[in-house]
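Here's what Swiss-Prot has on this protein:
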- CYS97-CYS189: disulfide bond (DISULFID)
- ASN5: N-linked glycosylation site (CARBOHYD)
- 1-25: topological domain 'Extracellular' (TOPO_DOM)
- 47-54: topological domain 'Cytoplasmic' (TOPO_DOM)
- 76-99: topological domain 'Extracellular' (TOPO_DOM)
- 121-139: topological domain 'Cytoplasmic' (TOPO_DOM)
- 161-197: topological domain 'Extracellular' (TOPO_DOM)
- 218-237: topological domain 'Cytoplasmic' (TOPO_DOM)
- 259-277: topological domain 'Extracellular' (TOPO_DOM)
- 299-320: topological domain 'Cytoplasmic' (TOPO_DOM)
- 26-46: transmembrane segment (TRANSMEM)
- 55-75: transmembrane segment (TRANSMEM)
- 100-120: transmembrane segment (TRANSMEM)
- 140-160: transmembrane segment (TRANSMEM)
- 198-217: transmembrane segment (TRANSMEM)
- 238-258: transmembrane segment (TRANSMEM)
- 278-298: transmembrane segment (TRANSMEM)
Amino acid sequence: MERTNDSTSTEFFLVGLSAHPKLQTVFFVLILWMYLMILLGNGVLISVIIFDSHLHTPMYFFLCNLSFLDVCYTSSSVPLILASFLAVKKKVSFSGCMVQMFISFAMGATECMILGTMALDRYVAICYPLRYPVIMSKGAYVAMAAGSWVTGLVDSVVQTAFAMQLPFCANNVIKHFVCEILAILKLACADISINVISMTGSNLIVLVIPLLVISISYIFIVATILRIPSTEGKHKAFSTCSAHLTVVIIFYGTIFFMYAKPESKASVDSGNEDIIEALISLFYGVMTPMLNPLIYSLRNKDVKAAVKNILCRKNFSDGK
């Protein structure tokens, strides 16, 4: 790879599943189908929340943000994945790679923060139900969401800026499906200690702190639910949190594997380990956004009722 002072002249090559051409066709069809399901599921959920006034509450406001983040995240990476499966030379420009990495990292970091704010919302709703409308006012929950977005974007700017300063001498083969930051750091022909320190700080801010907020919130939530005398009351209270808790487990289970322990350039050379990490990252990047609308809507009477109302209104207007 030729490297000049102009970073846009640099090209990377994505390995993906190049060693398994038959699997590429299978994965292309599978990922395309999943991406369409992501757009459909999250698009419907966003539309329902926007157009049904009964869902104009803090919980659904955060859920709308979460769905929008899922659409943005997958749209920044899935088209590149699909194109790489079809292309003979799976190359991407340096600038294109950095843009894709920035968007993906920003959306992922923001989603971590949003999940933390959703836990706080459920904590207030269950532990302080009478004060909930006052504490979670429109100004409060909009500010919480805005803070999450700003944190995610700033964090991504910092990580991307540090990555762009690294020299890439000869090895330009990314052992991944997309321009994933850890895979790119492994290609640098310079000391990446600053990047590792920066990533560790990033993990603390957008992974550990939100997870602590979620954990502490649920400790108080469980304690409050256990004090509810009736079984029906306990079930109703827990049902409002079960979807969020399920998403948190899936989301953090995969993302911690990828980002909790940044590795130095020389620490991993195994091709098998690289492809396993890439597949887990693919699961995090595609499977989770596809499942989120299902998890939040299948057992949610409000969402199902809102969908029915919109469909009934559409059928009524079409019949006129």
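Each residue, glycine too, has its Cβ placed from N, Cα and C.
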> Can we call the transmembrane segment (140-160) and the transmembrane segment (55-75) in contact, meaning three or more C-beta pairs below 8 angstroms at a sequence separation of 6+?
Replying inline: yes
> Considering only Cβ pairs under 8 Å, which range in 26-46, 55-75, 100-120, 238-258 makes the most contacts with the transmembrane segment (198-217)?
Replying inline: 100-120
> On a count of neighbouring CB atoms within 10 A, which of the disulfide-bonded residues CYS97, CYS189 is highest?
Replying inline: CYS97
>> Within the same chain, where does the transmembrane segment (55-75) have neighbours whose Cβ lies under 8 angstroms from its own Cβ atoms, ignoring anything closer than 6 residues to its ends? I mean 6 or more beyond.
In response: 35, 38-39, 42-43, 45-46, 48-49, 103-104, 107-108, 110-111, 114-115, 117-118, 121-122, 125, 136, 140-142, 144-145, 148-149, 240, 247, 285-286, 288-289, 292-293, 296, 302-303, 306
> Can you tell me the three-state DSSP label for CYS189 (disulfide bond)?
Replying inline: coil
>> On average, what pLDDT score does this prediction assign to the topological domain 'Extracellular' (259-277)?
In response: 53
>> DSSP secondary structure for CYS97 (disulfide bond), reduced to helix/strand/coil, please.
In response: helix
